Every structure is written in structure tokens, then in C-alpha cells.
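Student: What follows is a single structure, and I will ask about it in a moment.
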């Protein structure tokens, strides 16, 4: 993947403003609410019976932070995302058996959450750069499945 200097700047500039625990929790909760079939991968998280329960669930919030922290690793390694996510791809494929389509779903929810939190800063150019990034990350996470 080739990143332009502008894309790299847009990604890193916005990322410097991101509240990882909040945005991560909101993105994961959003996916679990909007795509309820994804909840089957989180059966040990306790109460996921409603949007309110999901959004207030401490395990969802903690895992959302963990997920977005890993996403931050992609930003630190934009030129080597595939290798950055090799072990996570293996874990999600071989042990957790996560449908790789879910990586795309979470990426799309993340875009919506970023737009909601960072409105003016989330310009069309920034949106395009982040859309490219979530697609590259989803592809890297799905790599083990191919």
C-alpha cells in the first residue's frame, strides 16, 4: 500500500486527538449494537441484551480500548501494517474463528464514530485517508484466512 505524505499527515494529525478508550469503546459497542450477530464472539462479556447494556458493559469498554490501541499500532507502522497484524490475524483466524467480514464492519463503525467525535477535523480528505486505513487493516487481519 502506498501512502501519500498528505494521507500520513491527515491520519497522524487526527490520531493525536483521538481519545482511545472512549472511541474504542464506542466503536466496539456500535458494532455489537448495529450488527448483533457479532455478539456471538463475545459471549463471555456478560449482559449484551440491549444497546444500553452493551454501551455500559465494562468488558466491552475494555476490549474496545484494546482494539483501538492495536489500531494505533497500524498508524505507527503505516508502511508495514501486514506484519504488524500477523499475530492478531493468526489469533482471530485459528483460535477465535472470527469471520473476517467483521473486521470491515468494525472499521466502518469506527469511521462513523470518528466523524461523530471529531466533526470539523474529520474532513472529506481525512475521511478518505481513514477509510483507506481501515480497509488496509481489515485486509491485514484477514490475511491468515487466505
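The backbone N, Cα and C atoms fix where each Cβ goes, and this holds for glycine too.
According to Swiss-Prot, the protein has these features:
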- 63, 92: heme b binding site (BINDING)
- 2-146: domain 'Globin' (DOMAIN)
Student: For the domain 'Globin' (2-146), give the DSSP counts of helix residues, strand residues and coil residues.
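Tutor: Taking each residue of the domain 'Globin' (2-146) in turn, the totals are 121 helix, 0 strand, 24 coil.
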Student: With every protein chain in view, what's the tally of Cβ atoms within 10 Å of the Cβ of residue 63 (heme b binding site), excluding that atom itself?
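Tutor: There are 17 such Cβ atoms around residue 63 (heme b binding site).
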